[in-house]
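Asker: Take a look at the following structure, please.
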Amino acid sequence: MPAMQGLAAPTMESELRALALAALLTPACAAYARFASRRLRPGLPRLAALSPTFPVFVYLPCMFRSLHLRLFSTFFHTWLATNKLVLLALDLGPLHPSLPLLPFLLSAGLPIKVRHDPSRQPASSNQPPPPPVAEFLRPCARSALLLCCLAAAYPYAAGWLPVYALHYLYCVQIFLTLDLVLSSAALGAAALLGGGAAMERQFSAPLAVASLGGFWGRQWNLMAVDLLRASAYEPVHARWGRDAGVVAAFLMSGILHELLYWYMTLRRPTGEMLLFFLSQAAFQIAERWARAAGLWRPPKPVAYLLVTAFMVVTISEMFFGPFVRAGTDVRLTEETRALVAMVWTAAKRLIRTSGVVSR
């Protein structure tokens, strides 16, 4: 696997400077968006007023050298924040001018969803109630522990594991990393908003995959799913039907992942991200047709095995391929090991210091 070239190595100084700028620019843009939205009607006037914030959110990932921070800035700012503000301009989505300032800023800048106005929820909604804030502590602790184990195991496993098995571990690492960061963001937002805040989990057992529709619609990255549903699926579904809406949502996701590829590698997108997501749309539609016709109703253990194998193979060949060729996986693994080593060193110092104090 080649080492990644083109992006300078991160330093503590460079990343802290970028984090400080992002921490200033994100709430400033969100506060301006709330101010403008309260004074302009939905539609073109509000969209025009909010458009100056879009280049800021598109640029923010470029300030980071760490691939992890570029990834999360792309997700938080370029994808979610921009999408939320476009929906706000149309009076859709999770943001609303009536939100108090702090919940608005947090909802705009972080991948969280705060239940703020029951009157805007459908009367027939059968969604389960959001978990209590304490429930976010468990995934944080679990994900942090398992990530440390993966980081320690990679040097020994990478040399002899088959490619698909190694890429399955990459899938597990992506889930654990996202779950740790998103749960931590929800915990931090809940602490700032107080005990009355109701947060929603972003994952629902995504490693137990029995159907493509269930995985993409109800198990994986639910904040992104909600935004894709509002910005792509529902408008297209209303005009051209359900299957066209599914294709539109996956098409938008593919374009966003092509942009992520550029942010992470500084290389021209290859189109493989787009092909991967369009193929997922086609197979999801085919799965639903086959299920409706009675042609696809395997026992659950068989469904878990077949769908998981399908996901691993397609992700390995079409999703991870461009990143692996660019050396992104090597750089991400190095960053993960460096972070684990830093945390472990800090923990040992803390234990040593506490032992000296106790004497």
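Even glycines carry a Cβ here, placed using N, Cα and C.
Automated prediction, rather than curation, is the source of TrEMBL annotations.
For 144-161, 167-193, 244-264, 302-324, the entry in TrEMBL reads transmembrane segment. The domain 'Wax synthase' annotation in TrEMBL covers 202-278.
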Asker: What residues elsewhere in the chain lie close to the transmembrane segment (144-161), defined as a C-beta under 8 angstroms and at least 6 residues from its ends?
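Answerer: That would be 169, 172-173, 176-177, 180, 333, 336-337, 339-340, 343-344.
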Asker: Counting by DSSP secondary structure, give me helix, strand and coil numbers for the domain 'Wax synthase' (202-278).
Answerer: 58 helix, 0 strand, 19 coil
